[in-house]
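S.K.: TrEMBL feature annotations, pasted as is:
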- A:6-93: domain 'ACT' (DOMAIN)
- A:227: active site (ACT_SITE)
């Protein structure tokens with residue numbers, strides 16, 4: 001697979017945007033392999049994702065950003081530039097359940113997404129063995145009401161030390177503080193319900209109590225307002241009166257694995273553009 | 001199709017229930033064509049549905065209930081007895097939208113369920129034409145804050161006059177009072193969200209605002225606590241950032257039609273057993 | 001909704017395509033409201049859909065095609081140009097089943113898609129009443145082994161007379177000859193199976209025999225090779241051992257309605273681009 | 001969880017079957033915790049699954065079969081009797097792909113189903129490492145055109161030696177001979193298509209070529225007629241023109257894992273009753 005550059009751009013809607021952006025790439029000899037756009041008419045916003053091959057592109061990687069600045073700034077655009085040959089680094093945070101952890105590691109090994117997973121962080125020691133099995137460092141950082149502030153500082157230090165780009169809360173079962181998220185905003189969480197149904201704790205028990213016929217899982221970016229962040233992906237599965245809470249948990253695990261993995265993959269391929277509390281997913 | 005009798009039974013769980021109930025039917029020469037059961041271990045409850053052919057059954061229809069009483073009472077059972085040759089009568093209540101109305105009428109004509117639809121009741125005159133097209137009486141009963149009580153009395157009179165067994169709120173868009181439901185509890189409603197997400201008004205707008213990736217519809221029995229009644233059926237459809245509110249409404253209509261129709265059919269076939277705020281659906 | 005023009009373009013992949021096409025629209029003062037593209041790397045093909053507002057566009061409608069020719073021809077492109085204010089005209093072909101017919105008419109009346117439906121053509125007289133109910137002309141053209149050739153000529157005359165743009169085979173249950181398709185290629189068919197499973201006759205019976213746990217429906221463009229045309233849309237529904245053939249037929253009808261309606265809507269919005277035996281659906 | 005006995009019974013349909021079977025269990029002091037039945041009217045066949053607690057049951061385990069014989073034989077019934085405290089033993093057969101293997105092992109460790117997995121058999125050495133990681137014996141038995149007969153004898157010996165109850169072909173990618181299946185018929189296979197679509201080799205490539213919009217996976221019992229055995233479970237996932245063959249393979253892997261795991265779990269819980277080429281799945 002050849003190296004590519006990807007621009008994710010948001011700007012006020014106006015004539016000529018597609019032409020201007022495409023011209024920038026064409027004028028520099030780039031070959032576009034993916035271009036998709038979306039206009040949010042109500043918000044007056046134009047959102048686009050463009051990916052092109054670096055081979056044959058006249059600008060060296062470090063000059064692309066300043067060069068595009070000359071086009072983007074007059075348009076009032078905000079943008080991100082990513083290169084496919086920069087391998088992102090993930091920290092997986094877990095509690096006691098291993099299904100999402102196992103799944104993410106398996107997918108990374110199977111190259112379903114391209115990333116490194118140098119560390120696993122947990123508030124419990126339970127999954128140390130899984131980390132060892134796959135040769136990943138395991139950091140046990142127990143959290144109590146009293147030590148949360150200082151433990152979050154330790155977590156932030158680890159993310160810095162290991163140059164982590166993305167935190168994946170793979171059933172971490174703890175609230176990350178608003179302050180933490182401010183300092184490290186790239187966090188994907190999996191919630192075990194079809195949000196906004198059953199926000200908060202014990203969604204499977206509450207789904208059972210309510211007698212729903214379908215349960216779901218939701219992968220979203222973590223925000224200070226718990227379970228209210230921009231949704232990346234959701235999926236559902238049928239349940240019936242024959243399903244006890246344990247069956248909901250079991251069926252839900254399959255959902256959680258798949259939904260979280262899809263969200264992580266989409267994020268790592270720079271296919272998710274957040275604006276307001278919404279996402280555009282350029283599939 | 002031969003005539004059948006169906007028993008829907010709930011009773012405290014205990015040994016020998018299946019044997020006792022099956023013996024009652026066998027001893028009287030009945031041929032069971034469907035038997036299904038469910039045990040709610042936490043509630044200590046046994047729930048069953050048994051359907052058998054009336055042909056060759058030794059008891060005449062009017063003696064089945066007293067005869068079964070001799071078995072059911074000692075078990076502490078509550079039960080309903082239905083005969084397939086008694087055609088239930090439905091009143092469809094609508095507001096201005098016609099998709100669920102059209103769909104229910106089409107299915108009844110196509111014999112997807114067996115019922116008569118003698119009347120349509122609406123708080124608006126808009127769908128009079130549809131009623132005429134299919135030769136169904138249309139009763140326009142406008143509701144305001146001030147006349148709700150007296151108008152509900154008129155509605156109850158109509159249900160009595162036309163010997164209605166089931167009210168289907170096919171996008172009626174009005175709250176039915178607790179008092180009404182007490183007097184006429186057999187009401188199925190379609191809610192245009194995946195309950196309990198987006199309880200209350202404007203679910204599609206709120207789903208759009210929240211940026212969900214899946215929307216749903218829910219058919220449930222109406223209870224005094226709005227949108228909180230026992231759920232009969234739910235289904236969902238994928239949406240994306242490309243879908244405006246109008247698209248959610250359009251996609252939702254297809255869901256509403258199908259989910260409501262399934263719930264009405266299951267109810268009419270006496271396949272739904274309510275206990276607490278839950279349903280057992282014997283499919 | 002303001003009038004728009006839409007270009008559907010296929011051409012050999014090469015650098016600068018997005019820029020050239022976007023420039024053509026921008027240079028003439030057009031405001032792009034939808035642009036999507038796809039590259040089939042194996043086929044070396046670039047496929048795109050661009051839609052822009054006609055208001056403020058400097059070229060009058062009849063000059064757009066010749067003007068674009070100057071760009072398209074050197075690129076080796078083939079393209080279609082459509083205007084949203086040209087209302088397409090549909091002929092619905094049916095046999096005896098009314099569910100897809102009812103559904104399409106309801107959706108057209110509800111403006112889920114913009115089209116006129118001047119005629120219904122059938123090899124049986126059964127659905128004449130439905131046509132009358134909605135004020136649509138009904139042409140009964142019975143087909144036998146011996147008269148097929150001459151009857152197809154009559155059908156072609158009708159399509160010409162009523163200036164039909166699209167034929168929708170809404171459970172027509174007859175094979176349309178290769179010769180007919182050659183003369184009138186814009187035909188969408190609904191097949192009542194998840195193609196390529198159960199190609200040909202009696203798919204529900206064969207699905208039942210095979211004991212599948214899921215059934216489907218497929219909307220595709222008709223081609224001389226029956227059931228082998230480019231697929232536009234498919235969907236599925238779960239079945240179980242409790243479902244008899246009649247239940248498969250009933251469940252399948254809901255699928256057929258929805259799948260056919262989606263395909264017709266996508267086609268009418270010029271979102272379907274056929275190449276080889278495949279479709280790109282620009283949603 | 002208390003120990004239970006389960007009867008899976010097929011017999012010609014006749015009056016009194018439910019009563020007779022329930023009486024047998026009740027008369028011996030058994031507490032039924034699950035009873036479900038199905039009648040295939042066309043085949044004139046009654047099929048049922050009954051599960052009851054062994055605690056308090058008056059017959060010792062080894063006398064249940066002869067005792068039930070007195071009831072079953074006059075009815076012309078065939079039946080299987082299973083005890084939940086007999087832990088079944090599985091051999092997983094693989095080729096080079098590890099996703100189903102990993103998944104099955106994870107589920108067994110997570111007790112999603114109760115079974116022992118003493119051996120993995122493969123025609124390739126590739127997955128030896130996975131076996132070691134989880135402490136399972138790995139038997140590399142390479143198959144060629146010339147040695148198939150003798151290698152199958154080795155496989156049969158292993159199944160015998162390890163007292164295997166069920167073989168799971170977890171992407172084994174080899175045809176098992178009719179002779180082998182005759183000697184060891186308890187084999188579940190996962191086929192990577194929505195059977196009967198794309199029977200045989202390379203289903204993902206052929207699905208891509210055909211341009212389908214949905215792909216699937218099928219778990220079925222292996223029979224001499226390849227890919228034609230009784231279907232236990234199927235599921236599907238949407239694909240689009242953006243999905244290359246590699247994407248179909250990746251999406252398909254998630255399906256294969258889940259569909260195979262569900263089928264294995266249903267089989268191990270004695271919920272699958274085969275008759276003719278069909279299954280009744282008592283969920």
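Quick reminder: no glycine exception, Cβ is built from N, Cα and C everywhere.
In TrEMBL, annotation is done automatically, which means it is predicted and not curated.
Show me how these features fit into the shown structure, please.
M.R.: In the three-state DSSP reading, residue A:227 (active site) counts as coil.
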S.K.: What does the DSSP secondary structure composition of the domain 'ACT' (A:6-93) look like, as residue counts for helix, strand and coil?
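M.R.: Its residues divide into 26 helix, 37 strand, 25 coil.
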S.K.: Same-chain residues six or more away whose CB lies under 8 A from the CB of residue A:227 (active site)?
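M.R.: Long-range Cβ contacts: A:191, A:195, A:196, A:199, A:200, A:220.
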S.K.: Between 0 and 100, where does the mean pLDDT of the domain 'ACT' (A:6-93) sit?
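M.R.: Overall, the domain 'ACT' (A:6-93) comes to a mean pLDDT of 95.
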